[in-house]
């Protein structure tokens, strides 16, 4: 049972694919709304993953960003009953329920029916530690805070698994994100009643945070990722005939900046105008995915050195030899896709966990660069700053650029090793399967 959103459904589906590929006796019932079945129902998947639907009684994916708080409330209050009805219709009760951590009621449903629940947290273990330890933040006077407070330069150095971090980098603690956090805080309480905790990360990316959870909970904690379907890239090359791949094939190696601001919340119109001017004036080749504003963006970028598309196969594009950098909103899926593809990341976070992901990319893993706001909580990053950063980021001949690309390749190898035979995540997925199949 994933949270109904692209950044949650994708890693959950990739986890389920990994499970059924390993055990021929496993069958997965993957629960989505009728609307989401329309989005993903035709995507390739193993035969032993079956979709089951809940009615469209929550706001549409197409408008949920208009009132995200109302969308969250709908998921948390309207879907529990139809989910239970779906369980009643199954031929036999499931061996286990894997539910997104944000689905607060899933653990309650499993407990009532004596079905063990594995809580699947779809972003970094580090930010979950921040959430779980919000009382520590409060005791230090760091939660909640207002963006204007002078203490934003103070350092948070007491959260397990989180390296010393400026309060201003934890934007989840104030403003709109604070409202969202207060709603989800209940789900972190339910987490203690789960039977397993799963992460989409590799242990090697976040050892301190994952060690914290392993010691904190008296149930198994498994890092299972990166849950990036690299094995699917060798199957079906029909996409090579698409015009955008033909364009990429014509570009020099590592010369193109891939730009994607994600599939949900994006930047303001004023900020987008600054980004457009900055990228255009940087004079680099670019491949820009614009969900919803393709025509307008094409007009604004007419005569520049790139292409604009409304959609692309992101992982295949990132793995193309022409791609030399990835401008990203820092959603965790995209972050892991970039790292696994060996592509440096240019961070432009917008919301929620993305700011902390950006910090880890730039400061901890050192596989990218980010905009440095000259003023705390600066709302608009101007085109001149963007232009200079893009030029610096795409300069593969500078010592800084060479080092960043070397580190990215090294981290890519580490992540691929985690999911390879005998790797840390490979072993964890095997252990999880043994756990849930022992229950039968």
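Every residue, even glycine, has its Cβ placed from backbone N, Cα and C.
Remember, predicted model here, so these are calculated numbers, not experimental data.
Swiss-Prot has this to say about the protein:
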type: BINDING; residues: 263, 312-314, 329-337, 351-354; note: UDP-alpha-D-glucose binding site
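Location within the structure of each feature annotated in Swiss-Prot.
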| residue | record | Cβ within 10 Å |
| --- | --- | --- |
| 314 | UDP-alpha-D-glucose binding site | 18 |
| 331 | UDP-alpha-D-glucose binding site | 27 |
| 334 | UDP-alpha-D-glucose binding site | 23 |
| 337 | UDP-alpha-D-glucose binding site | 25 |
| 353 | UDP-alpha-D-glucose binding site | 24 |
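Residue 334 (UDP-alpha-D-glucose binding site) falls within a helical segment according to DSSP. The secondary structure of residue 314 (UDP-alpha-D-glucose binding site), as reduced to three states from DSSP, is helical.
Reduced to three states, the DSSP call for residue 353 (UDP-alpha-D-glucose binding site) is coil.
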